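Novice: When I checked Swiss-Prot for this same protein, it listed these features:
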| type | residues | note |
| --- | --- | --- |
| DOMAIN | 3-56 | domain 'Kazal-like' |
| DISULFID | CYS9-CYS38 | disulfide bond |
| DISULFID | CYS16-CYS35 | disulfide bond |
| SITE | TYR20, ASN21 | site 'Necessary for sperm binding' |
| DISULFID | CYS24-CYS56 | disulfide bond |
Amino acid sequence: DSLGREAKCNNNAGGCTKIYNPVCGTDGNTYPNECMLCVENQKRQMPVLIQRSGPC
């Protein structure tokens with residue numbers, strides 16, 4: 001859908017993988033991977049969705 005999809009946020013207690021698999025957030029920022037977007041969402045009031053796979 002055009003609004004984006006929620007990131008799949010598994011338990012990130014162990015930290016995020018270093019694998020570069022970029023996703024474009026609905027905030028216009030490119031995140032290194034879905035997990036890093038999840039970590040950012042934990043700091044926000046309004047979660048960022050994934051607009052598309054790949055860099056913005």
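Note that Cβ sites are derived from N, Cα and C of the backbone, with glycine treated the same way.
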Novice: What kind of secondary structure is CYS24 (disulfide bond) part of, going by DSSP in three states?
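Specialist: Once the DSSP labels are grouped into three classes, CYS24 (disulfide bond) ends up as strand.
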Novice: At the level of the C-alpha atoms, what whole-angstrom distance separates CYS38 (disulfide bond) and CYS16 (disulfide bond)?
Specialist: 9
Novice: Check the DSSP secondary structure of CYS38 (disulfide bond), expressed as helix, strand or coil.
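Specialist: Once the DSSP labels are grouped into three classes, CYS38 (disulfide bond) ends up as helix.
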Novice: Counting other Cβ atoms within 10 Å, pick out the least crowded of the disulfide-bonded residues CYS16, CYS24.
Specialist: CYS16
Novice: Closest of the disulfide-bonded residues to CYS9 (disulfide bond), Cα to Cα, picking from CYS24, CYS35, CYS56?
Specialist: CYS35
Novice: Whole-number Å distance between the CA of CYS35 (disulfide bond) and the CA of CYS56 (disulfide bond)?
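Specialist: So the alpha carbons of CYS35 (disulfide bond) and CYS56 (disulfide bond) sit roughly 17 Å from each other.
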Novice: By the DSSP assignment reduced to helix, strand and coil, which category contains CYS16 (disulfide bond)?
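Specialist: Going by the DSSP assignment, CYS16 (disulfide bond) belongs to neither helix nor strand, so it counts as coil.
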Novice: Please report how many Å separate the Cα atom of CYS16 (disulfide bond) from that of CYS56 (disulfide bond), as a whole number.
Specialist: 20
Novice: For the domain 'Kazal-like' (3-56), report the average pLDDT of the model, please.
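Specialist: That region's mean pLDDT is 89.
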Novice: Please count the residues of the domain 'Kazal-like' (3-56) that DSSP assigns to helix (H, G, I), strand (E, B) and coil.
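Specialist: Grouping H, G, I as helix and E, B as strand yields 11 helix, 10 strand, 33 coil.
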Novice: Which chain-mates of ASN21 (site 'Necessary for sperm binding') that are at least 6 residues away have a CB under 8 A from its CB, listed by sequence?
Specialist: PRO32, ASN33, GLU34, SER53
